[in-house]
Amino acid sequence: MKKLENLLFDRFGLVFKDVSLLETAFTHTSYANEHRLLKISHNERLEFLGDAVLQLIISEYLFEKYPKRPEGDLTKLRSTIVREESLAGFSRDCQFDRFIKLGKGEEKSGGRERETILGDLFEAFLGALLLDKGLEVVKNFIYQVMIPKVEAGDFEQVTDYKTKLQELLQSNGDVEILYQVVSESGPAHAKNFEVSVSVDGRLVGKGQGRSKKLAEQEAAKNAFEKENHSCI
């Protein structure tokens, strides 16, 4: 836990008064269940709190940033920013994935890379930060870590190429679309995945990304652009 405390201070200038909150935020249910006799707290309640404060801060930001955009557009953009995949990416950016405590089974099954776990971890950290430091510090952290990517347009006009590819290919009948991980590279906190997509056994595209889902979308985009062009 000392290494995590050092990371938080060095990168974000954060020092927790109540380190037990930090400990709880980084404890997955699988770890707590394996150490039931020790009555260790896990991070689900903090995740609940963090989710609420994240929704509030992002909603306020979008409301002030885009005064002329309708409610529907703001809701879609907020959903993209706070979705599981996005929050998992922020966890990796902060190197939080290095410090989460997992049960042995969860660790062996790749839990440290699982987007559900990493997204929940990010929210749990925000919950712990809120209890320890208050709303303004949480807001500053979110503005430091998340908002630069929002303002860079990373979450605008997100296209679901997997769905677009499926609709294009299945317009002439049922086909089997298969996504496979070709390779993984990089350290645990900055993984890069390469994924291929094939249709009825025929390779139609490849893509890379910081997560399997992002790599699948890139592969689908690559395939969609080629297949759509061939249909013209």
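Note that Cβ sites are derived from N, Cα and C of the backbone, with glycine treated the same way.
What Swiss-Prot lists as domain 'RNase III' is 5-134.
For ASP120 (Mg(2+) binding site), other Cβ atoms within 10 Å of its Cβ number 26. In the three-state DSSP scheme, ASP120 (Mg(2+) binding site) is classed as helix. According to Swiss-Prot, the Mg(2+) binding site annotation covers GLU47, ASP120, GLU123, on the basis of sequence analysis.
Other Cβ atoms within 10 Å of the Cβ of ASP51 (active site) number 19 in total over all chains. For ASP51 (among others), the entry in Swiss-Prot reads active site, with the evidence type sequence analysis.
The feature active site is assigned by Swiss-Prot to GLU123 (among others), with sequence analysis given as support. Within 10 Å of the C-beta of GLU123 (Mg(2+) binding site) we count 26 further C-beta atoms, all protein chains included.
Here the domain 'DRBM' (160-229) has, by DSSP, the following mix of helix, strand and coil residues: 33 helix, 25 strand, 12 coil. What Swiss-Prot lists as domain 'DRBM' is 160-229.
Here the domain 'RNase III' (5-134) has, by DSSP, the following mix of helix, strand and coil residues: 98 helix, 2 strand, 30 coil. Taking only the Cα positions, the spacing between GLU123 (Mg(2+) binding site) and ASP51 (active site) is 5 angstrom.
Listed in sequence order, ASP120, LEU121, GLU123, ALA124, GLY127 are the same-chain residues six or more apart from GLU47 (Mg(2+) binding site) with CB atoms under 8 A from its CB.
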